[in-house]
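A.B. asks: Got a structure for you, written out below as structure tokens; questions coming shortly.
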């Protein structure tokens, strides 16, 4: 009996105990994942997968196209903002068949819902313009890394507006990502384009952070609209919300383009664009398509999951955009920027851990 107790208290005994504990933890995690999967129909997971793909592929592509526009002779911030919302008929083309084939009916449009669409449309138009200024003056990789701060803002706004939970791991992620943004600010001289002045670079930095803050607010307010006004009934409400918000953003942005006479300037821009008029048109057309698909994917994730998951995916696309910009656009990648990217990954991992129930498994 004494020998058995000694073995149990020996280092090897503790090792076996820890091994079995780890095995139990993995087993419980697998069980929990399977139960989560079985709790939803297969259509839910298919739509969530496609929505996630839209965020992780279409959003980075639209960001790179914005940078290509400015790098090859484009100058109008209003035009690239208009491109971001000109694809509003795309979700409408997907929405209308749902009324016919799935026998759904349009959500009744009351005053509060109408005003929420107008307000979100105005915020989206302003957000796109802020990001346009950021991509005009910053490399795509830098702008994307700064854009990861939207995770911080979506967490805070989600906590205060939608009452989402905010735990120690998520707070830790907020601090880490903020530190990564500070590193980029301290390394500003390494990636500034020669034709961009110090003042323009600084304003690009400021507009990117402000755009990220507004992006986080839009995420939280969109979820609030779903919860308070639309309800989580079916996927067609996602399309309705996206169509209406994009439409009003399109209206506000078009007014800005007309006032600035930028539509007339598109003709001269196309003639002087590097690669010619065809390249100019392709950049704008694909910008319209990719941005709208990315926003549609993000809105769908909000409906199918939460602000939290949308924020996580929005953050994950940041390193994807940065890496793609370095490979495809040959963006400068200094040691400080690499360090910032690594720290951002660490922050993402901490945030994902904090938003999951894995840390509660034992």
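Our numbering is plain: 1 for the first residue shown, then up by one each step along the chain.
Every residue gets a Cβ built from N, Cα and C, even glycine.
TrEMBL entries are annotated by machine, without manual review.
What you see is a predicted model, and the numbers here were worked out from it, not measured in a lab.
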A.B. asks: Which range is it, out of 22-38, 243-259, that shows up in TrEMBL as transmembrane segment?
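C.D. replies: So the range that TrEMBL calls transmembrane segment is 243-259.
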A.B. asks: With CB pairs under 8 Å as the measure, which of the listed stretches 169-186, 206-231, 279-305, 336-354 comes out on top against the transmembrane segment (109-134)?
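C.D. replies: Most Cβ pairs under 8 Å with the transmembrane segment (109-134) come from 206-231.
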A.B. asks: Cβ pairs under 8 Å only, please: of the recorded stretches 42-59, 140-162, 206-231, 243-259, which one is richest in them relative to the transmembrane segment (312-330)?
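C.D. replies: Most Cβ pairs under 8 Å with the transmembrane segment (312-330) come from 140-162.
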A.B. asks: Using a Cβ distance cut-off of under 8 Å, indicate which of 140-162, 169-186, 206-231, 279-305, 336-354 has the most pairs with the transmembrane segment (79-102).
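C.D. replies: Between the stretches 140-162, 169-186, 206-231, 279-305, 336-354, 279-305 has the largest tally.
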